[in-house]
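Undergrad: This is the structure I want to talk about, given as structure tokens.
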Amino acid sequence: MVPKLFTSQICLLLLLGLMGVEGSLHARPPQFTRAQWFAIQHISLNPPRCTIAMRVINNYRWRCKNQNTFLRTTFANVVNVCGNQSIRCPHNRTLNNCHQSRFRVPLLHCDLINPGAQNISNCRYADRPGRRFYVVACDNRDPRDSPRYPVVPVHLDATI
């Protein structure tokens, strides 16, 4: 009985540890506000090819992100979208703080093509340029954000 209890406790600890690691892989780096991390991940007027552009994000995450979209617009333009009518977020249906752009913007979507890469310097991506509408979730700014924008984008929910 004691070995079974001990084994089950170790399994539980391992499972909780793995869940913590998995959760941390999706978390933003603590030195950034949600709006700052949004800008790093999704705003670039002229992104280089995906493999190069994704290095910045992957260096903070310590792993190869499966996919990402860069909007070829300014942060101020995305902030303006936060002023559009609120809608239910298409991919996070529990959220009602999303807003859809009124105009298509050029974008660059990046897809990881070697998911087994063990080192972030080996992450390789396929480039998929396009022109689409986008949906962002917006929240009140963090005290660490610029007071210039009281409401800021914090999540790219969809491109349409």
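Numbering starts at 1 and runs along the chain as displayed.
In case you wondered, yes, glycine gets a Cβ from its N, Cα and C as well.
The active site, proton acceptor annotation in Swiss-Prot covers H42 and rests on similarity to another entry. For H155, the entry in Swiss-Prot reads active site, proton donor. Positions annotated as substrate binding site by Swiss-Prot, on the basis of similarity to another entry: K65, N66, Q67, N68, T69. The disulfide bond annotation in Swiss-Prot covers C50-C110, C64-C123, C82-C138, C89-C98, and the record cites similarity to another entry as its basis. Annotated N-linked glycosylation site per Swiss-Prot: N84, N92, N119, in sequence order. Annotated 3'-nitrotyrosine per Swiss-Prot: Y60, in sequence order, evidence recorded as similarity to another entry. Here Swiss-Prot flags 28-72 as region 'Required for nearly all of the bactericidal activities'.
Describe each of these features in terms of where it is and what it packs against.
TA: In the shown protein chains, 21 other C-beta atoms lie within 10 A of the C-beta of H42 (active site, proton acceptor).
Residues within less than 8 Å, Cβ to Cβ, of H155 (active site, proton donor) and separated from it by at least 6 positions along the same chain comprise R34, F38, C89, N92, V136, A137.
DSSP gives N66 (substrate binding site) a coil state; it is part of no helix or strand.
All protein chains considered, the CB of C110 (disulfide bond) has 23 other CB atoms within 10 Å.
Secondary structure from DSSP puts C138 (disulfide bond) in a beta strand.
According to DSSP, C98 (disulfide bond) sits within a strand segment.
Within the same chain, the residues at least 6 positions away from N84 (N-linked glycosylation site) whose Cβ sits under 8 Å from its Cβ are H99, Q100, S101, R102, listed in sequence order. The DSSP secondary structure for N84 (N-linked glycosylation site) is coil.
The Cβ neighbour count for N92 (N-linked glycosylation site), using a 10 Å radius over every protein chain in view, is 15.
Mapped onto three states, the DSSP output places N119 (N-linked glycosylation site) in coil.
With a cut-off of 8 Å between CB atoms and residues at least 6 apart in sequence, the same chain places P29, I40 near Y60 (3'-nitrotyrosine), listed in sequence order.
The list of residues near the region 'Required for nearly all of the bactericidal activities' (28-72) in space but at least 6 beyond its ends in sequence, with Cβ under 8 angstroms from a Cβ of it, reads 78, 105-112, 114-115, 117, 120-127, 134, 136, 139, 141-142, 144-145, 149, 152-156, 159.
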Undergrad: Pull the DSSP breakdown for the region 'Required for nearly all of the bactericidal activities' (28-72) and write it out as helix, strand, coil residue counts.
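TA: Tallied per class, the region 'Required for nearly all of the bactericidal activities' (28-72) gives 21 helix, 6 strand, 18 coil.
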Undergrad: Filter the recorded positions Q67, N68, C82 down to those whose C-alpha lies within 10 angstroms of the C-alpha of H42 (active site, proton acceptor); answer none if the list is empty.
TA: N68
Undergrad: Work through the recorded positions one by one (C110, N119, C123, C138) and name whichever has its CA nearest to the CA of N68 (substrate binding site).
TA: C110
